[in-house]
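Notes for the one structure printed next.
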Ligand code: AP5
């Protein structure tokens, strides 16, 4: 499958993407995970992105498009891809459209995961993430804790709170989402690709996406 997952910070994009990868081997491409990996590795990209991320701001579009132009042409994307956290602005969406046309790739669906703001705040303050950048498994101390507190079930690395999970950064990320990313909902509605999903369970979101893809196939 080839799809975009839209939604506010904490809507569950990463959780749903990980479930979808188990269905047909499509790869999850999370720009947030790529950037956190670059920050931890201390690469030039990571140095440029770090301050934006800690403050809850978006990383500049040209840096993101540089990453994605390369990533989408890697061989594993031939099986399908789930874009998690990209595009995030209208210029990114327009650049992606040009890139996909050039590569001859059609998207199946753009799923917007809708979650009430109060629930989003709950989820973000209780989320924990595996600190191993090649794992980045997602947990929640309330709804999905690791089996051993503080230890990743999958790779045994410490499970931590992200640098952008301070109250100040969460509030800034939500403001940035409504200003810069929410307009993508209308963009993709006009492209005829939008699916709005408001299931409270991630499995319900996955089912709705599969049904839409099956109906369109
Ligand atoms: P990114 O990593 O993309 O963060 P985000 O969009 O803010 O999304 P999150 O990862 O916070 O949430 P999510 O929707 O994936 O939810 P999750 O599944 O974890 O980006 C981070 C930063 O990188 C940005 O602020 C920006 O600086 C930069 N960046 C990234 N991409 C960029 C781009 N394209 N352009 C510019 N800058 C970019 O779930 C959240 C929690 O809820 C978890 O604890 C989970 O267990 C729990 N949960 C999930 N689903 C459910 C459910 N159904 N019921 C109960 N709990 C649930």
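Every residue, even glycine, has its Cβ placed from backbone N, Cα and C.
A quick note: this is a predicted structure, and the numbers were derived from the prediction, not measured.
Per TrEMBL, these features apply:
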type	residues	note
BINDING	10, 11, 12, 13, 14, 15, 127, 138, 139, 201	ATP binding site
REGION	30-59	region 'NMP'
BINDING	31, 36, 57, 58, 59, 85, 86, 87, 88, 92, 162, 173	AMP binding site
DOMAIN	127-164	domain 'Adenylate kinase active site lid'
BINDING	130, 135, 152, 155	Zn(2+) binding site
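Of all the binding-site residues listed here (86, 88, 135), 135 has the Cα closest to the Cα of residue 127 (ATP binding site). Screening the binding-site residues 130, 135, 152, 155, 162 for a C-beta under 6 A from any atom of ligand 1 leaves none.
The binding-site residues shown are 12, 31, 86, 139, 162; of these, the one with its CA atom nearest the CA of residue 152 (Zn(2+) binding site) is 139. In the three-state DSSP assignment, the secondary structure recorded for residue 59 (AMP binding site) is coil. Surrounding the centroid of the Cβ atoms of 130, 135, 152, 155, where the record places Zn(2+), the chain contributes additional residues within 8 Å, namely 131, 132, 136, 137, 153, 154, 156, 157, 159. The Cβ of residue 14 (ATP binding site) has 22 other Cβ atoms within 10 Å, all protein chains considered.
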